[in-house]
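Colleague: What TrEMBL shows for this protein is this:
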ACT_SITE  His136  active site, proton acceptor
BINDING   Asp94, Gly144, Tyr299  substrate binding site
BINDING   Asp171, His173, Asp260  divalent metal cation binding site
COMPBIAS  388-406  compositional bias 'Basic and acidic residues'
DOMAIN    23-313  domain 'Histone deacetylase'
REGION    375-406  region 'Disordered'
Amino acid sequence: MTKQKVSYFFNPDVGNFHYGTGHPMKPHRLSVIHSLILNYGLHKHMQIYRPYKASAHDMCRFHSDEYIDFLQKVTPQNIQAFTKHLSHYNVGDDCPVFYGLFDFCSMYTGASLEGAMKLNNHDCDIAINWSGGLHHAKKFEASGFCYVNDIVIGILELLKYHPRVLYIDIDVHHGDGVQEAFYLTDRVMTVSFHKYGNYFFPGTGDMYEIGAESGRYYSVNVPLKEGIDDGSYWQVFKPVISAVMEFYQPTAIVLQCGADSLANDRLGCFSLSTKGHGECVKFVKNLNVPTLVVGGGGYTLRNVARCWTYETSLLVDEQISNELPFTEYLEFFAPDFTLHPEVVTRQENANSKQYLEAITKYTYDNLKMCQHSPSVQMHDVPGPAISEDEKMKEEEDPDVRISQDLEDKMVEAKNEFYDGDKDNDKDDSKT
Ligand SMILES: [Zn+2]
């Protein structure tokens, strides 16, 4: 197999947003991951891009104009004027209005969109956007910490060139927003592995949700119980994805790597190790199909950072040390300071072998019902979402005095890129 070309999208500002005190979603995790990636030297094995920022127009390819207009206008200061709209758009507690909300959405959505475009252009084989993966966002409303569904927008871009797109979701929560968007079509197959039952959020995703009309049999749900460990997860993941590949033969894949399926997540209840979670990523990479890799949930910051750093290393085929490199965030990883700490959990695995066999068989029987790899007549291919002109305009923005190229190089400088033991130009005064 020839080495796959990997592109990585990161906006250095995306980690500076804050959902509010006590909120489990912390965009800061993205800065920690980026720092680990640089300090492990993984950036040398991929193309690094400061991504395009999605416009309201891009977002409206999936979302309603009214909803995006609201997201663009609402701020913590003027929120009083929108009281009637808040419940209408499900904005408030789980999905708060915070400073820079629309900008945050533009950044993570633009990165998925540009990743899809680079895949379409054959500029890369794998595109990584850890800031994306906000799978709960709906056409008309926010849901589960998600406002704009970057995955749906990325898939819509892939569909311009790809007859069949496969979506795989290993977040602990059901990928409901993506499933709903493509429930009636065979152009996208959605496959979600998640905790189901006892009112666990979002409450959907039982195995009988299989799609409808032309999309019947093209939604696949693998409902799991709490405490699933690496061995049990693999027992379902491998056969289900193998069957999906056999029957659907996708030409592009979007992989949502929600890290709240790891053991000891603040909100999750599974018992996966970073290695077990990474096994799924490695398996999808080895399918050798153009793939957009996105993040998602993950609420125990140190574990999310470990997981997505490790998965970046798998995607670029580089072995990295279990001992974490020095970063400004090293203290987060006490007391072991390792990439793969031992998983200690009191959560019992409630998934019996028989239960897992039964859902795997049910899934397999449904997949057999798919018309073998549907094809569409691809003509009048619409152009890419972002024209070269638009990119140029962005770069020439008078507010941005330095060229994009230079800025991208500065990402390293800002994070005090450290290369080797002899390098001692670090600023030790920083905490
Ligand atoms: Zn989740």
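Using N, Cα and C of the backbone, Cβ positions are placed for all residues, glycine too.
TrEMBL: automatically predicted annotations, no manual curation.
So that I understand the layout, could you describe where these features sit and how close they are to other parts?
Modeller: Secondary structure from DSSP puts His136 (active site, proton acceptor) in coil.
Non-local neighbourhood of Gly144 (substrate binding site): Asp94, Cys95, His136, His173, Phe201, Pro202, each in the same chain, at least six residues away, with C-beta under 8 Å from its C-beta. Mapped onto three states, the DSSP output places Gly144 (substrate binding site) in coil.
Asp171 (divalent metal cation binding site) falls outside any helix or strand according to DSSP and counts as coil. Here Asp171 (divalent metal cation binding site) comes close to Gly133, His135, Ser192, His194, Gln256, Cys257, Gly258, Ala259, Asp260, Ser261, Gly296, Gly297: these same-chain residues lie at least six apart in sequence, with C-beta atoms under 8 angstroms from its C-beta.
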Colleague: Quick test of your reading of the structure: among the recorded positions Asp94, His136, Gly144, Tyr299, whose CB sits under 6 A from ligand 1?
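Modeller: Near the molecule: none at all.
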Colleague: When you average the Cβ positions of Asp171, His173, Asp260 for the divalent metal cation site, which other residues in that chain have a Cβ within 8 Å of that mean position?
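Modeller: Here the nearby residues are Val172, His194, Gly258, Ser261, Leu267, Gly268, Gly296, Gly297, Gly298.
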Colleague: Highest Cβ count within 10 Å among the binding-site residues Asp94, Asp260: which residue is it?
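Modeller: Answer by Cβ density within 10 Å: Asp260.
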Colleague: Give me the long-range Cβ neighbours of Tyr299 (substrate binding site): same chain, 6+ apart, Cβ under 8 Å, in sequence order.
Modeller: Pro24, Met25, Lys26, Asp260, Asp265, Arg266, Leu267, Gly268
